[in-house]
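Asks: I'd like to ask some things about the structure below.
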Amino acid sequence: MIEIIFLAIALSMDAFAVSLTIGVSNPKQIQKMALLAGLYFGIAQGLMPLFGYLGGVAIFGWLGEYTQWIAFILLLIIGIKMVYEALTSPPEKGVTSKKYSHHALLMLAIATSIDALAAGFTLTLMSINGIYACIIIAIITFLFSYSGVLMGRSSSVWLGNKAEIFGGVVLIFLGFKVLI
């Protein structure tokens, strides 16, 4: 049980970091955004290891060499878009909830949960119920993501428009981290 919790916490760190940036750059409708981020990230983090657990080595052999690049490209595109929009939008306009559409949240959730796919393969090697582990991973990721958005919101008060630039840069760095 304890190894599942540690695994879940480790896997939820990228989602937590991205959730912070969502909260920082999206101060409107914060409760809704926190709930959506928690759901998207939690479900993705719960499903990816389940796919890995059920799919086994065959899927990893097919996707293995591409998973890092997929995550990198998704995070890089979204990060660059955030920085660009922050630099080109008028300061008085601020940040709106439209920055994180369902499509954007889905892309972020997939990009941050690709490492969970590989972790799912390791569940088959451990004496752990994979379905149970995936549920725990989903719940912990939901909690981390939900609280990350709220924590990011409190930071946006003193960061202002620079918050969106910061969020974009964080996503870009997370993308490069995936490649290392």
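Cβ from N, Cα, C; glycine included.
Grabbed the feature section from TrEMBL, which reads as follows:
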{"type": "TRANSMEM", "residues": "6-25", "note": "transmembrane segment"}
{"type": "TRANSMEM", "residues": "37-60", "note": "transmembrane segment"}
{"type": "TRANSMEM", "residues": "66-84", "note": "transmembrane segment"}
{"type": "TRANSMEM", "residues": "105-124", "note": "transmembrane segment"}
{"type": "TRANSMEM", "residues": "130-151", "note": "transmembrane segment"}
{"type": "TRANSMEM", "residues": "163-179", "note": "transmembrane segment"}
Asks: Cβ under 8 Å to the transmembrane segment (163-179), counting only same-chain residues 6 or more beyond its ends: which ones?
Replies: 14, 17-18, 20-22, 24-25, 68-69, 71-76, 78-87, 95, 99, 108, 111-112, 114-115, 152, 155-156
Asks: Who are the long-range neighbours of the transmembrane segment (130-151) in its own chain, taking Cβ under 8 Å and residues 6 or more past its ends?
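Replies: For the transmembrane segment (130-151), the list is 4-5, 7-9, 11-13, 15-20, 22-23, 26, 30, 33-35, 37-47, 49-50, 53-54, 116, 120, 123-124.
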Asks: Using Cβ atoms and a strict cutoff of less than 8 Å, what residues sit near the transmembrane segment (105-124) while being 6 or more residues removed from its termini?
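Replies: Residues 7, 11, 14-15, 18, 36-37, 40-41, 43-45, 47-57, 59-60, 63-64, 67-68, 70-71, 74-75, 78, 130, 133-134, 137, 171, 174-175, 178 contact the transmembrane segment (105-124) from elsewhere in the chain.
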